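Copied over from TrEMBL, here are the features:
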REGION    202-225  region 'Disordered'
TRANSMEM  44-65  transmembrane segment
TRANSMEM  72-89  transmembrane segment
TRANSMEM  101-120  transmembrane segment
TRANSMEM  141-161  transmembrane segment
TRANSMEM  173-193  transmembrane segment
Amino acid sequence: MATAAAAPVLLVAGWTVAGARQPPGYDPVRDTISELAGDGATDPWLMAGCLALLGCCYLGTALVLHAAGLPSRFLLAVGGMATIALIAFPRPQVGGSPAHGTVATVAVLALSLWPAGSALRLPRAVRRGVAASPAGTPPWAFRRPVALAVTAVLLVLFGWFVVEVTGGSRTGLAERVAALAVALWPLAAVLSARRAHRDWLARQPDPPVADPARPVSPGRPGAGG
């Protein structure tokens, strides 16, 4: 849970602290997060370091979130690795970078699609200990309607960002809203899985307790020689 909780904190802290280090011309509503770690930024290592840690948080969450199923965990891990890879392809001070754009697109798509990946595993048995009911209902975050709805919302936010990039004036705002939504969902998913696990434990019968006043028979009556 620690990695899932740290992800949104790192993201917001990164763009806040790194943004405060930029010249007065930097506008968080207009300018992107990538510019904070790109060529020409003041102290780009601040945002670059937060992106690296953010990617590690996604990888850590993918490693332990068994309730999500393999397809979702794979997509979340891909998103984490692509987030870390952004450091190797910083945005240039002037113009664009095809490499940066490609890696960023892979990261955003993987992190937007990973909730829907859990819908691919629902027909199969839910792992013991994470089901919310004896019938095997998965945690609410991994139920098909929820998973598909969350992915739809994340893709809409990504679409808003694309629209702003191609001709809007709120590119930074759109990117921050989309990135924060992406960072918050792993935490919601982990909390959902933990709650389902607690409910499962609460339903388990208590183990029988031996009565200390009851004598223990050494054997069956009449047995032996």
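Glycine is no exception: its Cβ is also placed from the backbone N, Cα and C atoms.
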Excluding the flanking five residues on each side, which residues at least 6 beyond the ends of the transmembrane segment (101-120) place their CB within less than 8 Å of a CB in that stretch?
-> 34, 58, 68-69, 71-76, 78-79, 82-83, 85-86, 89, 138, 141-142, 144, 146-148, 150-151, 154-155, 158, 161, 178, 182, 185, 189
Per the Cβ under 8 Å criterion, with at least 6 residues separating them from its ends, the transmembrane segment (173-193) contacts 1, 4-5, 7-8, 11-12, 15, 28-29, 32-33, 54, 57-58, 61, 65-68, 76, 79, 108, 111-112, 115, 130, 139-142, 150, 153-154, 157-158, 160-161, 163-164
